[in-house]
Amino acid sequence: MTSAASAARTFDSPLLEGLTDHGVYAGVEAGPDWVAEVRRLAKARNATILAHNYELPAIQDVADFVGDSLALSRIAADVPTDTIVFCGVHFMAETAKILSPEKTVLIPDQRAGCSLADSITAVELAQWKAEHPGAVVVSYVNTTAEVKALTDICCTSSNAVEVVESIPEDTEILFLPDQFLGAHVKRVTGRQNMHIWAGECHVHAGINGDELAAQAKAHPEADLYVHPECGCATSALYLAGEGAVPDDRVKILSTGGMLDAARETGAREVLVATEVGMLHQLRRAAPGVDFRAVNDRASCKYMKMITPAALLRCLVEGRDEVFVDPAMAAAGRSAVTRMIEIGQPGGGE
Ligand code: 13P
Ligand code: SF4
């Protein structure tokens, strides 16, 4: 047998026979055979599988590491394997490639985008910067590589406050693209010279204040965990301000921060305002607590494109490979490196 034929056999899998693609890869069951095939193929490719907290439970369970955006970026910068399989959305895999350009970075379905990352383009940012010469640009990691190349420091929801606090107080800041995260950071830091782009994530913006207030009323003993990208973050603080929910029960947290809080909570019930994939890790972290979604329709269709079929196809075919133009990657690297240096470890590290 030639070495090419033997490699083809190593990476082949009979489970892929039922693969279909009607906009999302399907046709493969996530049973024990699939788990064994995924692990065998990952080993054969010398690959580390990373999964975001919003992925389907089967994908989270088969991964080497599960975490929030910051933790996964830090892990991606450090893994010893030649290949990273990023079970998350495209900007996350791009960030891994920027941090580890010598590695092969694969995403199980390159169509997994992000409505928030799409809410600002590099041209729009260049224009905004021209209107504010001298301002420091802080971009959420949920941005394209082109936008990162025009950015001074990236952040995630777990270190956005620390990133803004690291910038001299008299320096203007352009914060993008998430308006709700921006409002949260402005509230916490009291920073006045911070301009905020009016972007949003369609999933989190859809978790509204009325739903949160109704749930808080129906579950008066529950803690509230609210992701800062949510449209209802302000309502959560309003409820606390009005005394409808005690102050110490309202926590605005990144997905990793929610897991840390879950491990320490004394509450029996927690209402969770973020993408529903988060419930899987929360229930694992604190099996005695009743975690409920504030909005059980808050599912990110992009995160859910990373199906069992997509992951198997990725490991068999070595696709979809993520490429970032080397000059663009070099331009964005210092912003991303500064991001992973700021803030506490946690969220899956
Ligand atoms: P974190 O994992 O950083 O909280 O991010 C949430 C998110 O929306 C990623 O798309
Ligand atoms: Fe983007 Fe929102 Fe999906 Fe996160 S949940 S990947 S911010 S669209």
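Glycine is no exception: its Cβ is also placed from the backbone N, Cα and C atoms.
According to TrEMBL, H52, S69, Y140, V141, N142, S157, H227, P228, E229 bind iminosuccinate; the candidate from T20, T121, T189, T255 that the record adds to this site is T255.
Site annotation for [4Fe-4S] cluster in TrEMBL covers C201, C300, and the matching candidate from C87, C114 is C114.
Not one of the binding-site residues listed as H52, Y140, H227 brings a Cβ under 6 Å of any atom of ligand 2.
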